[in-house]
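Below is one structure, written out as structure tokens; comments come after it.
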């Protein structure tokens, strides 16, 4: 499928200029993100959550979590990020021939408003898992790199993986050294011998360090109580976490997000995201992706179930393994899985099967910003204390009843809205703020009547 770019740089993307494949992928991404986010909205994952989850590996909770982890965890957010990167390139298409300065100014204004939306999403709607802030901020960097050759863009993924592995290993080794020093000091103390000043410091260092990495049952229960409180109480729990993500962990988010956005741009340039590859190429991508990702993801799940489900298991693994090689598996299986998902979805679209569903997913993708925010509004109302207060009241598998209801709602109202209006509500607001033009989002039937009246009055 070809896509037109003659007016992409100077004006909002029109209905005719949209790429069906990207819209459907974006629709699946925004719906799929809820599969992962629902845990953050609905249950506490602190304390002994892992121990409870992995104790009975035949339970509905475990199988639900396993399916989510293998097929959705990290994959939907990666897909969303890749498509955002592709969107940056689409927005700037032909900028060299249509007033490049104006297009650059428009894009940075667009991204600045996305940062504002992200801050409002996190601190007013109280969702500490917001991605809009990071997309707006890092998108400004990605825009400057958009002309790189796709091959160089692709190298960002392994480069970032290696960098974070090295940095993570330094942190891990520091924690491990503190644990081993604590063990030696503890042996002396248990033997009834006098501790040296250094040994006393070793015990104090580990006691402080373990607060950041081991389950805290008392803290988890206090967090649950706050999430069941009033808006102000919930805000006191959520806002510090959101602020910490936006500041302390900013560099952690930077590499991953930029690498994924660059991958999205590379895939757009290569024609992968626009359906230009042959069916054989997509099938091969899907096959390789799933053959690599599925066994690795299953192994990761097994490893987590056996070796990270309790404080004792975490400490034992730290003591026995000087280098956290296992941490390399997650980025590997995530990127292969998301590529396989993309190829499978594009093959489905090209096949012509499930056309009605694809059209609904396309509409959900065209209203991705609205749907993403609506998910937060609905989930916060259902789970948080200032709403219905179901926080930490449901089993893991029951959370996905809520996901299913929201999916159905969004697959119904998205095409209905776009049948009557040109843009989704927040998409219209975002465009209006970007272009500094408030173009009323009239229903299409009313636009037709207004046009007829205008003609008759001439």
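Every residue gets a Cβ built from N, Cα and C, even glycine.
Keep in mind that TrEMBL annotations are predicted by a computer and have not been checked by a curator.
Taken from TrEMBL, the feature transmembrane segment applies to 20-43, 63-91, 103-120, 126-145, 152-172, 249-272, 284-302, 335-357, 369-390, 396-418. The domain 'DUF418' annotation in TrEMBL covers 268-436.
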>> Can you tell me which recorded stretch out of 20-43, 63-91, 152-172, 335-357, 369-390 has the most Cβ pairs within less than 8 Å of the transmembrane segment (249-272)?
In response: 63-91
> Does the transmembrane segment (20-43) make contact with the transmembrane segment (103-120) through 3 or more Cβ pairs under 8 Å, each pair 6 or more apart in sequence?
Replying inline: no
>> Using Cβ distances below 8 Å and needing 3 or more such pairs, separated by at least 6 in sequence, tell me whether the transmembrane segment (369-390) contacts the transmembrane segment (396-418).
In response: yes
> Looking at the stretches 63-91, 103-120, 126-145, 284-302, which one shares the most CB pairs under 8 Å with the transmembrane segment (396-418)?
Replying inline: 63-91
> Are there residues at least 6 beyond the ends of the transmembrane segment (335-357) whose Cβ is under 8 Å from a Cβ of it, and what are they?
Replying inline: 20-21, 24-25, 28, 70-71, 75, 78-79, 82, 157, 263, 267, 272-273, 275, 277, 279, 282-283, 285-290, 292-294, 296-297, 411
>> Six or more residues beyond either end and a Cβ under 8 Å away: which residues meet both conditions relative to the transmembrane segment (103-120)?
In response: 9-10, 88, 91-92, 95, 130-137, 139-140, 143, 246, 369, 373, 426, 430, 433-435
> Per-residue pLDDT averaged over the domain 'DUF418' (268-436) comes to what?
Replying inline: 94
> In terms of Cβ proximity under 8 Å, which residues at least six beyond the ends of the transmembrane segment (63-91) contact it?
Replying inline: 5, 8-9, 13, 19, 22, 25-26, 28-30, 32-33, 35-36, 53, 103, 106-107, 110, 131, 135, 139, 142-143, 146, 257, 260-265, 267-269, 273, 294, 297-298, 300-301, 330, 334-335, 337-338, 341-342, 368, 396-397, 400
